[in-house]
């Protein structure tokens, strides 16, 4: 019945006429599998669909109806509902097959209207939420969208004609693929065939970005950068001319994207506006384009039927339409009707176009000066005309302007008809590319030849001298090159041949991986490749999945987050994590408890920080230590972080406690700490939030190193600790569970369990002693208490972390990965330290430098940690070179120390600098370094 309240004032008839969703919720809170009445399922599905669309219900109630409907539709009861027929039939009636007769009652129901409207509703919701999540305003998609997309995936909408429009629904197909592969991995079933056969091709761009020609904005980039706007599209070809200002991309579905400068209409969007992100050419939709070409001011494409379309600047008739008009949209070349075009090329800096048809004919049109059209003379033409002299296969014939020896004939004469390049006679050329003033070709044997202008070293021979005839590039011998490309004054060569071996495999599985001992090495390698491939699919879709594990079972999750946490590779998870941008706001103020500690003082000041201060990549605050004259340029800052780590572990700040195993010196995780479950005041709530925001969040975001042992941030960590950290407790509970009834009565044990702090917690007001009749209740309550003992403290820490890091994504990381990302690795890899080392006053190969690194090799992990504390104020190295953020370790040797063996090294933690005397031998150096360690 409806709940009490204002309804008490209404008549019985009015109350009974209103839907009682609370009653329905209670009645449907059971397992559908226990029911044998299949006839009620379609009626129940229709009723749930009606509730999901009922405007009088609240959002949470409609969400509940959608979740229940999804559960019903994915059960064996809903498997017989033909969704395709529901979408196709105007009334929702399905065919009268034996498996569908029982569902004839669906005709005209709310389920039909829901399923029919689902594609449009899903697409509209995606178009609304996608810009919000991409901009970083929201971390995840809304719960409504997550349920909607999960339901659509379970119904298989991506396989139906309604979702065949490739670009529009590509995001949904990628989501469905990720969800199905995740389910297959979780349930240990066969992977989808499409996943096994798919090869994802992504587009990267680098260089000068003016006009949006890179597709990543208008900024220039110095390293290959992913074009994220089309990363979900299977791109099979990219076209860009050798100095052009626009690009084309062709997808596997035959759709064409363009971006860059829009002058002359060469982007094909019907205007002359530049575009700094890839945009699909709408007028080519449905044409099934198979090839593309980009010129300096015009573009072209070939369809699956052999038709040729051109667009852009029309001057000199380069478009082949019989006039000189610009075309802002692709237009069919009528003169080639009846021919099947199989290849196309557009002039980069000049106004000509060439193509090949399947009858072995070559055609050219446009500007004809210098004989570039190959028909003799310098006359141009505005429609395609054949080059009669171009016949034969496997040889190169060139024509056109000959200065800078770009034609490869050994002279700078202009050639008006195709002439064989004699230097390549006997060679079968399989790929060729032309720059502004040079050419590159590769043969079927993998040899690369270059000729023409060489002012910028674009010919690859180690000089800047022009080459008159094709000359082999000796540096590429044996590389099996089969592809070449040219910029205006640079060249590229690469091989598409896959290597026989992707790397040396270990001969044996390491002993510590005992579960893998009986699996062959190639199988393990393939498994690793599979996991990387799956992670690349799943992680970009993370915002669409429900990662929350609801305690009451109302939340819909993958069901396999626990499984996927260890399956997803760390690099893919970290990449997804780093893309997230969160809005920040101020926290509360800490009270007087712990105000004399560095952590307490920081809590007191943190409220003065701006909303973005904690997101700074280097120093977030400046430190002044009482009694020290340090001018904090980074060293004091690092030291303050180290002090906070010490305070959290030595009891100065009561937020953490030692694990029971640590106190009892038994079991595992003895060196770890737990959140203190007894701290629940408003002051402690704020301190826990600051612990998550300032300490954990900033360490993760800014790649600090905090010499802090593990602590549970997630309820799952506590569950794992039941057997690990609470070894004695679990043994006692299991012992009580298996005790004889008589022995249990004699034991006369209290109905309580020890907390993590050692205090006895009474579990029930009803029972005071454990007896055989309440034994099961005791085991349940004891385990439940230990599982949820830290829930409040974890929630406060998560609230603080949420200001800095994307908390829902933490569900994807294992405990070890969380520890590594927050605390860094306890190991000090000297190879990483060497890679960022620079030397002053001494050569890198000098004996003193060699002694230094040999001594560092001899030090234990704890001693290396002390050395880092001495020289940098940190106790662990960043995980990668990128996390050093350009900071080098500087080793400076000075001769002012005399005699040198009487002096100790000096450190400048602000600058990661170690000043060292010129010691006479390795033994003295070792002794002096250890003295420095002992002073910390």
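Every residue gets a Cβ built from N, Cα and C, even glycine.
Going by TrEMBL, these are the annotated features:
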- 910: active site, glycyl thioester intermediate (ACT_SITE)
- 759-929: domain 'HECT' (DOMAIN)
- 201-253: repeat 'RCC1' (REPEAT)
- 254-305: repeat 'RCC1' (REPEAT)
- 306-357: repeat 'RCC1' (REPEAT)
- 394-445: repeat 'RCC1' (REPEAT)
- 446-497: repeat 'RCC1' (REPEAT)
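The average pLDDT for the repeat 'RCC1' (201-253) in the predicted structure is 83.
Under the DSSP three-state reduction, residue 910 (active site, glycyl thioester intermediate) is assigned to coil, being neither helix nor strand.
DSSP places the residues of the repeat 'RCC1' (446-497) in helix, strand and coil in these numbers: 3 helix, 19 strand, 30 coil. Counted with DSSP, the repeat 'RCC1' (201-253) comes out as 6 helix, 21 strand, 26 coil. According to DSSP, the repeat 'RCC1' (254-305) comprises 6 helix, 23 strand, 23 coil.
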